[in-house]
Amino acid sequence: MFRSKLTCLLRRNKTINPFSHVGTSSSSSRVSNELFHLSQILLFSSKTSCTSLTRNAAFYGFRSLHKGFSFPSSRRMCTAASISPSAKGGVNFLVTAGPHAQKMVGIWLFGSAAWVFSMVMLGGVTRLTRSGLSMTDWKFTGGLPPISDEEWLVEFEKYKQSPEYKRVNKGMNIEDFKFIYWMEYAHRMWGRGLGIMFALPFSYFVRKGYMTVQLGVRLSALFALGAGQGFIGWWMVKSGLEEPTSEYVQPRVSPYRLAAHLTSAFGIYCGLLWTALSVVMPEPPSDTVAWVRGAAKVRRLAIPVSFVVGITAISGAFVAGNDAGHAFNTFPKMGDTWIPEDILSMEPITRNFFENTATVQFDHRILATATLLSIGGLWWATRKLDIHPAIRSLLGSTMGMAALQVTLGVSTLLSYVPVSLGTAHQAGALTLLSLMILLSHTVRKPSPMLLKSLTSSVARTANAIRS
């Protein structure tokens, strides 16, 4: 009798949630206050002052307190704060200088991630407008663009020596050249601007002592990878400035180098987004034991699905590198057949998966279908789980974004890859990846300290029911 009653209460999330008002009786209010007090003991840093604990509670996730809920006294909260979350098994705070510093670092990191997102979009437009090979040299620090007519003529003469001009754009006038030059120049300078925008706040936050060593090392690695993107980008462009092996082949960058450039950009973006989320949300939403268990079940499914989404995005880079979107512009069949005849025509066979236009597009279609089905399966398998409303909302949003992304991909293919749809499809890929990162971050395992607080809450609730 008692066990069934307790199970029912746990499932309905009315008694063990330390952030809910559990009733109007004095005993229920006492249990609620004790649970709330215990969660403060286990979540807040010893560096938090007694007078700011109430404010910090709102910042760190206690946002759903009902009106009329009484806080423990400041004296009790001071005593509770003697346990440091930096201790073994505690909460892993990446910013230790208080809520204001945490907010500032979070805004900066989210802004950096958004800048990288825009960089990827600008790079896509540069590629789709065939502007990437307009600048035939590169300097790490960059330089001023051509200003006078003489300077423009010098740059145009350099471009006339490139294979792309000789085989694709022969006869191009100076005005058309200026357009593709400005596109590539903007892409390069936007990347350098990102480096400055990242480095200056990073130096300031380090000087102020806002960051932990762990966060500093992680961001230093991301900054180094971002600096390396300039070298990877030029390495990619340089491959398109070489004479093709056959006179019938259009000059274009190596699909391997393009995939490396895009994958590196995706990696930087994902690292920044994950780190920003970890700064502003040190703990996942885990108000009840039932929600923790539900999140664990979602996590076991979300991780492999995230892997499928990432592989599909990388395969899109090989589609772009081989201009595979301009072939087999039919759906669902590829031309008149389901599987092209020359799908394994190259030797060795492994080359087909990276250089054969038919195989690359076929693979991308299969992976895109697998992504849609796997995300649909994730949504279906978790629809009856007892999980946090934010997780359920993310699952629905991810499912909708996956369907939209497939629709964009098919529309782009059938329309022979216009710049607008091609850019939207690339943005959709990164948006879908962002949602999977957000979902994986939200369902990650709570710290041992938070799990301990939830277990203690269950024990207190059981004692309250018995009494």
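Residue positions begin at 1 at the first shown residue.
Quick reminder: no glycine exception, Cβ is built from N, Cα and C everywhere.
TrEMBL annotations: computationally assigned, not manually curated.
Listed features, source TrEMBL:
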- 105-125: transmembrane segment (TRANSMEM)
- 189-207: transmembrane segment (TRANSMEM)
- 219-237: transmembrane segment (TRANSMEM)
- 257-280: transmembrane segment (TRANSMEM)
- 301-321: transmembrane segment (TRANSMEM)
- 364-382: transmembrane segment (TRANSMEM)
- 394-417: transmembrane segment (TRANSMEM)
- 423-443: transmembrane segment (TRANSMEM)
Recorded stretch that, among 219-237, 257-280, 423-443, has the most CB pairs under 8 Å to the transmembrane segment (301-321): 423-443
The transmembrane segment (257-280) in contact with the transmembrane segment (105-125), cutoff 8 A, at least 3 CB pairs, sep 6+: yes
Recorded stretch that, among 219-237, 364-382, 423-443, has the most CB pairs under 8 Å to the transmembrane segment (105-125): 423-443
Cβ-Cβ under 8 Å with the transmembrane segment (219-237): same-chain residues at least 6 beyond its ends: 132-133, 135, 138, 140, 188, 191-192, 194-195, 198-199, 202, 211, 253-254, 257-258, 260-261, 264-265, 267-268, 271-272, 275
